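These come from Swiss-Prot:
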ACT_SITE  221  active site, schiff-base intermediate with substrate
ACT_SITE  275  active site, schiff-base intermediate with substrate
BINDING   231, 244  5-aminolevulinate 1 binding site
BINDING   260  Mg(2+) binding site
BINDING   301, 340  5-aminolevulinate 2 binding site
């Protein structure tokens, strides 16, 4: 007899297919484990699948030629000179990764209070876009729109009397987006979190005849502790004064995220993003369920660094943790993921067939 919720359940004798001795079994009509009994069976009923089409690969740029610099806080990630970024774009294409994202490390000598270098049509990002699109016009290129890689204070906007100026910053962001789009960028991705910037950028692009350039809005970007290694990578970690809580979102809020997403969609965003990723999967799900818009998540530098560091110390299976974390985004409703794991995950997917 077996006991279930205090009541006895009869066990019956069943014969095994291999002729072995009979064993007692519960009289169950439903056995979920039957669908998990073999890999082929698990594949047949799998609800979510990760493919290389789901990946966007962020690359960090640095001035110079034939340069690759390791980023200490992001094991396995490097800053790349433009020629090396072109090589990685070729690698992305061979791995069938559809899109790369570009982020610059700006020399301190080029940083100023206004982030002027952001609007230089020959800045590092624009150089890289032109070089990549010349060699590989069929790969998608996404460019970040924000001033923090270019300002001496490390903030995403202009500052006056200790406050971030919203409308004045938006005017600069429009100019930044235009030089990127004119260089050949396919997707403009404003990450600054200034109010009204999506509408202003859309208007600026359309007036310049760049109507086919897409906008992926960082619609729900939280003031997060998980950005630390990224700020190291772009050189703003040591320059940042204060925090970004007056423009990035409070990590306690999800209704606010929906309002932000709705605003960006109404202003002309073609796609929306939630950042960071794994700590905010609930937000990804709510956004996708509410708006049914192309929804992306950014597996940010801190998320990457945690897994990479733990794997490097032998504390977990790095490949399994990588793939599990990426699949979690798909399960939560994301249409794609920006991840520093993109090339490694693509290699893994290729070997899996």
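Every residue gets a Cβ built from N, Cα and C, even glycine.
Recorded features from Swiss-Prot, shown on the structure.
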residue : record                                               : DSSP (3 states)
221     : active site, schiff-base intermediate with substrate : strand
231     : 5-aminolevulinate 1 binding site                     : helix
244     : 5-aminolevulinate 1 binding site                     : coil
260     : Mg(2+) binding site                                  : helix
275     : active site, schiff-base intermediate with substrate : strand
301     : 5-aminolevulinate 2 binding site                     : helix
340     : 5-aminolevulinate 2 binding site                     : coil
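Between the recorded positions 221, 231, 244, 275, the minimum number of other C-beta atoms within 10 Å of a residue's C-beta occurs at 231.
Cα-Cα distance from residue 221 (active site, schiff-base intermediate with substrate) to residue 340 (5-aminolevulinate 2 binding site): 18 Å (rounded to the nearest whole number).
Separating the Cα atoms of residue 301 (5-aminolevulinate 2 binding site) and residue 231 (5-aminolevulinate 1 binding site) is a whole-number distance of 9 Å. Rounded to a whole number, the distance between the Cα atoms of residue 244 (5-aminolevulinate 1 binding site) and residue 275 (active site, schiff-base intermediate with substrate) is 14 Å. Across the fold, the C-alpha of residue 244 (5-aminolevulinate 1 binding site) and the C-alpha of residue 260 (Mg(2+) binding site) stand 17 Å from each other. Residue 340 (5-aminolevulinate 2 binding site) sits 14 Å from residue 231 (5-aminolevulinate 1 binding site), taking the C-alpha atoms as the reference points.
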